[in-house]
């Protein structure tokens, strides 16, 4: 028999079909040109001063630290096995291993970045062992500093600093007698008979490994992702907790771009990234592979089955089972901000392609404090550094709830929270207090037939503070003098709280005063001498000085955690998000079509509920809107925890 197929003379063999990455055919298979290579080299040179590449010496140090940690895990598991009288043959091969995930596993970590790690143990080692005997073993290591266990977290973790490198270690116990060296965590069968905490702990590694297996060229993917992550951080849209995207979500968007342009290199992929996602028809989901059902009865993202999934505005679905939406925190405002940034990025990268701009322009930070005319400033304060660290973490995790509430106001088009926090000026120089601020930019909508806009935000701010205080008390975190403050400032007044180098523009204006007067237990009257207002009562506070103004404040709200912030008599500003049409600004026509997901129904965003406001041009009365038929509903008292 002939070893090869016989063909007719002169006949041409059909070209082998290119491998398809992802759920659709690629948009382009074009190979890189010399100009693409030159632009990629320039991109690398531009990235270097930003510290996105780690020195070889530092990389080797990380590898050595992980080897030491891996040896500690093996030694610890062997000791546990011996204490439980396992057969010697099992003890000799019991194994155990440290896996990494996140930016380090993806190969895009920056200088000084921490390492996300997972300790995988066999079935006879449980979570209690991890948080007791392994914790004690780490405590004995002279290289280990700042060791702390967070057992009650959604994903329990041990945090430490190993020889100067911060490491977060999760734990997963597999239903295996031994842990082999070549264990592939992408194997879905490993999830059988695991508790939900182990499944959550495994998820990071499984998603990271799956992403790396789904991109055509890992080197091009990594360089593109480094550029996009830096761009997102420079443009203040890198924060999962505040409703933007986190590292894994950015990685999946870049991976999808790589799938659509499998032969492209970084300079092209960065530009195509902005092209694809500035035109993406949200809320159609971004998928790296077809979702698969494994019959393990684990909850997965599926808007056909789960009604809550239909309300996700910008779904980016993890490729590993059980599939989840990594962007469930995205709000109307954060999506608007990101889409506009995508359009800006497309316009800039086209200028770079035409040699009209350098790569450095892409990484120029926009002037957040010159972009809007109205801002809400949130301030969290605590008397000690340790309390402040916990308090700030809780407040920050709830800011997106406030943003969502502000978005429902008919006169607020957009509420843009800056992910960067700032130290706040001290209330008094001789008082020890730790304070952090966040700033939310507002785009306001002009009312019909009026040049004056009055908005009462009392209920929105009060609901936000109630939520924060209630969770702090229920989790036993709350301490006396933990406070939240809020105030409205115009752009010209930001200098009162922020230094000039942050504002990037020096302005001088008169300070205006604010008075807060509690009228009754069921209403709150704000007498305002300016267009600013703020309060910051602690849920346990009696009469004490306000954190910013020194004005008296007291425990007068039925919720004990009332904070009123309002904007009144605002002249409508000529401010809005800058809309950039990348086609008009670049003078090109987009001929590429962005593939949409077949078989996936378009999900309509939820309708905006109407909010009633009681507003006066001189004062605001706190009558929170309530559902009809529930006029007697009371806000729970956070002190009593009811």
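Each position is counted from 1, following the chain as shown.
Each Cβ is built from the backbone N, Cα and C atoms, and glycine gets one as well.
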TODO: Name the residue, out of 168, 182, 184, that Swiss-Prot lists for the same Mg(2+) 2 site as 114, 116, please.
DONE: 168
Task: Annotated region 'Disordered' segment (source Swiss-Prot; candidates 530-553, 554-577, 578-601) - done: 530-553
- [ ] Choose the correct range: of 505-527, 620-642, which one does Swiss-Prot annotate as region 'Disordered'? Give that range.
- [x] 620-642
Task: Additional residues around Mg(2+) 2, ordered along the sequence, whose Cβ is within 8 Å of the centroid of 114, 116, 168 - done: 102, 104, 115, 117, 159, 166, 167, 169
Open item on the list: Looking at the recorded positions listed here (114, 154, 229), whose Cα lies nearest to that of residue 168 (Mg(2+) 2 binding site)?
Closed with: 114
Open item on the list: Among 103, 329, the recorded positions in question, whose Cβ has the most other Cβ atoms within 10 Å in this structure?
Closed with: 329
Open item on the list: I'd like to know which of these binding-site residues, 114, 116, 168, is least surrounded, judged by other CB atoms within 10 A.
Closed with: 114
TODO: With a 10 Å radius around each C-beta, find which of these recorded positions (159, 229, 400) has the fewest other C-beta atoms nearby.
DONE: 159
Open item on the list: Please identify, among the recorded sites 154, 159, 329, 400, the one with the smallest Cα-Cα distance to residue 229 (ATP binding site).
Closed with: 329
Task: Rounded to the nearest Å - Cα separation of residue 247 (ATP binding site) and residue 329 (site 'Interaction with RNA') - done: 14
Open item on the list: So among 154, 159, 329, 400, all listed as recorded sites, which is physically nearest to residue 101 (ATP binding site)? Use the C-alpha atoms.
Closed with: 159
